[in-house]
């Protein structure tokens, strides 16, 4: 991973995703009374994961992005297949590509030990992305909390809305615009790919 400041400034724009398509009143102090150790617990879990595999930082940021881009930051991407749910995990942009699910599950398990049924997976995913950034030398930001987990997923939206590696510029711009994000936002978020790992055939 590169430690270029420009690369990490790009990651900072993920902050935009923290409130995308969310109409609830979020607060950075949401769990101060109900689960005061939540953020510390999540950070410890993410630190352990990244110490085992540094690349996981990029994967967690990408996981948060792929969740937020489909019906908002609601952890719908974490839902498995059921008789009534067609999982977003099996959508082409995610299949065999998005990773880090087990890390979020581990963080949730640790939080549940002290605050059962309090902290949403959506909030854990948002905090994990921020912590992943800071743990590899990137920026930090205040994560507003209070999201509720989705009980539904949208495989269809995951197939159609997530930007593809071969999309032309015009489609990328319109896709981000549909989410309320400008061309500048799109460039910054795309620049987040400066950390992590990609396959050579995707570059030209």
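The backbone N, Cα and C atoms fix where each Cβ goes, and this holds for glycine too.
Note that the coordinates shown come from a computational prediction; the quantities given were computed from them, not determined experimentally.
Listed in TrEMBL:
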- 66: active site, proton acceptor (ACT_SITE)
- 67, 70, 72, 74, 76, 88: Ca(2+) binding site (BINDING)
- 163: substrate binding site (BINDING)
- 193: heme b binding site (BINDING)
- 25-204: domain 'Plant heme peroxidase family profile' (DOMAIN)
- 1-24: signal peptide (SIGNAL)
- 62: site 'Transition state stabilizer' (SITE)
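Distribution of TrEMBL features across the structure.
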residue	record	Cβ contacts under 8 Å, 6 or more apart
66	active site, proton acceptor	77, 88, 93, 94, 98, 158, 162
67	Ca(2+) binding site	73, 74, 75, 76, 77, 78, 122, 125
70	Ca(2+) binding site	76, 77, 88, 154, 157, 158, 161, 162
163	substrate binding site	69, 93, 171, 172, 175, 176
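Cβ-based crowding with a 10 Å cutoff singles out 88 as the top-ranked of the binding-site residues 74, 88. Around residue 76 (Ca(2+) binding site), taking its Cβ as the centre, 25 other Cβ atoms fall within 10 Å, counting all chains. Residue pair residue 72 (Ca(2+) binding site) / residue 62 (site 'Transition state stabilizer') shows a Cα separation of 14 Å.
Packing around residue 72 (Ca(2+) binding site) is summarised by its Cβ count: 20 other Cβ atoms lie within 10 angstroms of its Cβ, all protein chains included.
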